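Here's the structure, in structure tokens; my notes come after.
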């Protein structure tokens with residue numbers, strides 16, 4: 001047990017501790033911070049527009065790496081610049097999942113979707129897509145789950161969360177996560193309480209940069225924004241290199257004038273969905289849609305989100321699903337519960353096998 005606890009402590013205090021950047025309003029962001037943040041990514045992929053099967057184009061190997069990262073390509077080995085059947089199949093599935101016209105070609109709408117900031121969790125696992133995009137027989141339900149439908153045990157309806165201590169987050173930032181947890185608590189029987197102990201908490205949240213020990217390195221601003229594990233592992237990692245905007249929680253959806261700032265609550269609500277067992281959805285208005293444009297704020301659960309989470313846990317017994325059941329904050333300390341951490345360390349080893357993210 002001592003060895004395991006030491007491993008946990010080493011993980012949190014040696015993997016690229018970072019002071020993430022938070023802004024309370026757009027005007028406080030230095031102008032140079034948000035100039036052409038996605039230009040490099042677009043320039044990298046825009047030259048691929050219009051190419052089709054049978055061609056060999058410089059840069060297609062990077063696109064294949066992107067598709068492999070998110071589960072659309074399952075083959076191993078080096079990626080080539082050949083537009084082959086494997087790539088065409090990946091494009092077809094991607095277009096279907098994101099409600100694009102299925103052409104198997106790299107049209108501009110597909111490429112523009114690819115360069116949008118997004119969640120780092122894959123859309124397909126073991127080559128199987130659960131997003132249901134474009135399926136005729138299931139037109140209203142597009143939510144998905146992790147393989148095997150993992151969920152928190154029925155006996156555990158009071159979950160605790162803690163923040164990685166090296167981030168030194170302010171109370172203002174922590175309140176953003178409290179609001180995000182509340183949105184899921186309002187429609188389920190789950191309750192969420194903040195703890196000060198990462199060893200005692202069910203869920204641990206941290207901001208990291210680049211490679212941070214779980215095999216899923218972050219790529220800098222405006223790429224992958226965050227990733228989270230399925231239950232009951234309970235890890236939520238966010239990219240500390242993003243320009244995170246902290247709103248006051250009064251506006252549920254808006255488009256900000258600066259398109260390279262990322263709304264923290266929007267990402268937090270999405271990743272908590274993963275922590276509770278939801279996969280990605282092909283409903284663009286749903287919280288669990290994989291991508292979010294820079295400057296967008298989306299925090300209200302859609303019908304698809306609510307139906308998905310209630311499929312796992314049922315509704316809120318204290319209301320009709322829309323009542324207020326705020327997450328609680330406490331000063332819990334101590335504790336040496338490590339059962340969850342065994343699952344975490346096994347998960348980290350599994351995740352690190354072959355997944356990596358292209359930098360563009």
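Just so you know, the numbers here start at 1 and follow the chain as drawn.
Placement of Cβ uses the backbone N, Cα and C atoms for every residue, glycine included.
Fair warning: this is a prediction, and the values are worked out from it, not measured in the lab.
Features as listed in Swiss-Prot:
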CARBOHYD  25  N-linked glycosylation site
CARBOHYD  36  N-linked glycosylation site
CARBOHYD  78  N-linked glycosylation site
MOTIF     117-124  motif 'Cysteine switch'
BINDING   119, 270, 274, 280  Zn(2+) binding site
CARBOHYD  168  N-linked glycosylation site
CARBOHYD  191  N-linked glycosylation site
ACT_SITE  271  active site
REGION    312-336  region 'Disordered'
LIPID     337  GPI-anchor amidated serine
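Cβ neighbour count for residue 168 (N-linked glycosylation site): 11 (other Cβ atoms within 10 Å of its Cβ, all protein chains included). On a Cα basis, residue 270 (Zn(2+) binding site) lies 21 Å away from residue 25 (N-linked glycosylation site).
Taking the centre of the Cβ atoms of 119, 270, 274, 280 as the Zn(2+) site, the nearby residues of that chain (Cβ within 8 Å, site residues left out) are 121, 228, 271, 273, 278, 279, 288, 290. Among the glycosylation sites 78, 168, 191, no residue is found with its Cα located within 10 Å of the Cα of residue 119 (Zn(2+) binding site). In three-state terms derived from DSSP, residue 78 (N-linked glycosylation site) belongs to neither a helical nor a strand segment and is classed as coil. For the glycosylation sites given as 25, 78, 191, the lowest number of other CB atoms within 10 Å of the residue's CB is seen at 78. Put simply, 271 is the one of the recorded positions 78, 168, 191, 271 whose Cα lies nearest to the Cα of residue 280 (Zn(2+) binding site). In the predicted structure, the motif 'Cysteine switch' (117-124) carries a mean pLDDT of 95. Remark: residue 274 (Zn(2+) binding site) has 119, 121, 227, 228, 229, 230, 236 as non-local neighbours, by Cβ distance under 8 Å and separation of at least 6 in sequence. Look at residue 280 (Zn(2+) binding site): DSSP puts it in coil. Ranking the binding-site residues 270, 280 by C-beta neighbours within 10 Å puts 280 at the top.
Residue counts for the motif 'Cysteine switch' (117-124) under DSSP (helix as H, G, I; strand as E, B; rest coil) come to 0 helix, 2 strand, 6 coil. A simple Cβ count within 10 Å picks out one of the recorded positions 119, 271 as the most packed, and that one is 271.
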